[in-house]
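Heads up, the thing below is written out as structure tokens.
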């Protein structure tokens, strides 16, 4: 596993020897990396290497999985994300997540976006929040005349942008994306990628993707994870983390080169 200190001035997350267990089974081991602010970081690697597991550590959604536990150090703006006094719900407000399959609520488009601010009791103008969030998610022009329609009636690409708008409505600092385009057609995928490039001006974005071309197109930084057999268990580990152009053009690890050149994984 390679640990690199990258010359960035501001980090949102820093991990040190991070291990994730499911029950007694080690799922990912010894992950040490720094996630820079206002950049897009891509996690790539074969299935089962721990990309999504590590992503879920950043907003503590692993807490929702029975038997899951995290060891090691993970800080968010310099503060221990797993300290006893930290409220996981507050963490998830600041660190939003967009999942692989679009998952709009069975509510109107308006109520999907307004849901978070309502639940959190945010003292905001909901009409303004809904409009602003939908505009930021590049969806407003397509839905502004049908806000009362069910969000699940939208196309797959529109539903995913609605989920992004829903995440933006609670004013997050970070957006996590777990394979956000895997269920979408190429045109919808391109729109999501264009949207990411716009959003990174104001948000830190981390994306898990199996699509190497996508990682190369959208990300500033790339972390390559792989799998090691430990006894009968498959354990994920971070192999290399660097600027995306380095990972794809001149990686220092042979395993990284083999993966990005299509010889493995």
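Each Cβ is built from the backbone N, Cα and C atoms, and glycine gets one as well.
The domain 'ABC transporter' annotation in Swiss-Prot covers 13-260. Swiss-Prot lists 45, 46, 47, 48, 49, 50, 51, 52 with the feature ATP binding site, giving sequence analysis as the kind of evidence.
Neighbour counts of Cβ atoms within 10 Å were compared across the binding-site residues 47, 52; the minimum falls on 47. Taking the mean position of the Cβ atoms of 45, 46, 47, 48, 49, 50, 51, 52 as the ATP site, the remaining residues of that chain whose Cβ falls within 8 Å of it are 53, 225, 226, 227, 236.
Long-range Cβ contacts of residue 48 (ATP binding site) within its own chain (separation 6+, distance under 8 Å): 227, 234, 236. Looking at 45, 46, the binding-site residues in this record, the fewest other C-beta atoms within 10 angstroms of the C-beta turn up around 46. Just so you know, the Cβ of residue 50 (ATP binding site) picks up 25 other Cβ atoms within 10 Å once every protein chain is counted. Reduced to three states, the DSSP call for residue 51 (ATP binding site) is helix.
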